[in-house]
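A short worksheet on the structure shown next.
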Amino acid sequence: MAPADGESSPPPHVAVVAFPFSSHAAVLLSIARALAAAAAPSGATLSFLSTASSLAQLRKASSASAGHGLPGNLRFVEVPDGAPAAEESVPVPRQMQLFMEAAEAGGVKAWLEAARAAAGGARVTCVVGDAFVWPAADAAASAGAPWVPVWTAASCALLAHIRTDALREDVGDQAANRVDEPLISHPGLASYRVRDLPDGVVSGDFNYVINLLVHRMGQCLPRSAAAVALNTFPGLDPPDVTAALAEILPNCVPFGPYHLLLAEDDADTAAPADPHGCLAWLGRQPARGVAYVSFGTVACPRPDELRELAAGLEASGAPFLWSLREDSWTLLPPGFLDRAAGTGSGLVVPWAPQVAVLRHPSVGAFVTHAGWASVLEGVSSGVPMACRPFFGDQRMNARSVAHVWGFGAAFEGAMTSAGVAAAVEELLRGEEGARMRARAKVLQALVAEAFGPGGECRKNFDRFVEIVCRA
């Protein structure tokens, strides 16, 4: 409701709707914190909506990192997860299904009411949220507020999800027979093959919860989003991808990598938690001589592939830092951990401060699953990559790294010891690797320019703040 003549508009109240699984909520919280700081002069307040378990994890992470307390104008608001109270242990896919069913059945509307109550009755003026939670679009409309979704993955993957119906009509049931066919008839996707598409677009179980979710999201975004935040920066996406997205989503606002939004002295890169001594170990290694290995918190190679990877790292002769869940250590070759520790040639840890590790001058190669957050952290650190994708959008990301941007290599299928050794050797010391390293430095410079004073990502984030707060 517009204010009466002579009355001032109430300050903005932004509801931030999280997808409470994997790293999604943490990424959205980093944006919310930056938004809260930027919007404070307008008197804006933010309500961050997520489930009890998600908020508990975020609080734990915040307390473990210096400077990560919530701004005074940002509050947590707990929302139901949709799971029956009697069920103590629910598999994650089922948790996602229950959460989305609750969201679609009017849950988001109730969450916005909870945000209003937590804000002392201040109505929600804008709904920002993870694009995965597409039912927020209708809830925002019912509240008379715009919906501004945040996309956390690559632009090419978003384009594929939006064009899913057209891709399915084109490929039909022939995906297995057309895996190497380039998608030349689909604007923005000509650099990718059928095999590179995310799971559930033209192959896999279309009814799996995540595949259903992103399909509905892709249908919803073009008709309902007031603007869409993109996790990219000018100069990264090829012009055909940018043009194709702009035609479908005219109000795209790119200001990624999102982890760079917070000021340096406010981020954990200033004094990162490093309980396993990764940075001290790196300080004893040669410049650009270390291979850093991490597949994130979800993806993990099969036991035989883990052993091949370990053997390949040893065979490369390069020092390595490997972040690997401790429950997988028993799968490594006999004596591998002892040899690495005894010679000082390798360090295996259950967790590493990845951003700080990639920025360390001793790291010269990154062996990764090609999750988008990891790709952007590598790009912003100028580190070339060897990608072993597993699922989701990781195949598209790996294709981008190796064939679109040219600052790394991609394994086609499982890693072998010989393949790992060759990839690490090439990235660190090879002739082709030199070109990849140079390309990585070019992209790193583009990121630095975009986030520098007057840079395009800084300008775009200011525009995002204006869109969110003017409602």
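Keep in mind that glycine also has a Cβ here, set from the backbone N, Cα and C atoms.
Within T51, T125, T152, the residue that Swiss-Prot lists together with A352, Q354, H369, W372, S374, E377, D393, Q394 for binding UDP-alpha-D-glucose is T152. Straight-line distance linking the Cα atoms of T152 (UDP-alpha-D-glucose binding site) and H24 (active site, proton acceptor), rounded to a whole number, equals 8 Å.
Within 10 Å of the C-beta of E377 (UDP-alpha-D-glucose binding site) we count 22 further C-beta atoms, all protein chains included. The Cβ of Q354 (UDP-alpha-D-glucose binding site) lies under 8 Å from the Cβ of S294, S323, S374, E377, each of these being in the same chain and 6 or more residues away along the sequence. For D130 (active site, charge relay), the recorded positions whose C-alpha atoms fall inside a 10 Å radius of its own C-alpha are H24, out of H24, H161, W372, G392, Q394. Long-range neighbours of G392 (anthocyanidin binding site) (same chain, six or more residues apart, CB within less than 8 Å of its CB): P198, D199, I210.
The 10 Å shell around the Cβ of Q394 (UDP-alpha-D-glucose binding site) contains 29 further Cβ atoms across the protein chains shown.
The Cβ centroid of H24, H161, G392 marks the anthocyanidin site; residues of that chain outside this set whose Cβ lies within 8 Å of it are F132, T152, A153, A157, P198, I210, V214, D393, given in sequence order.
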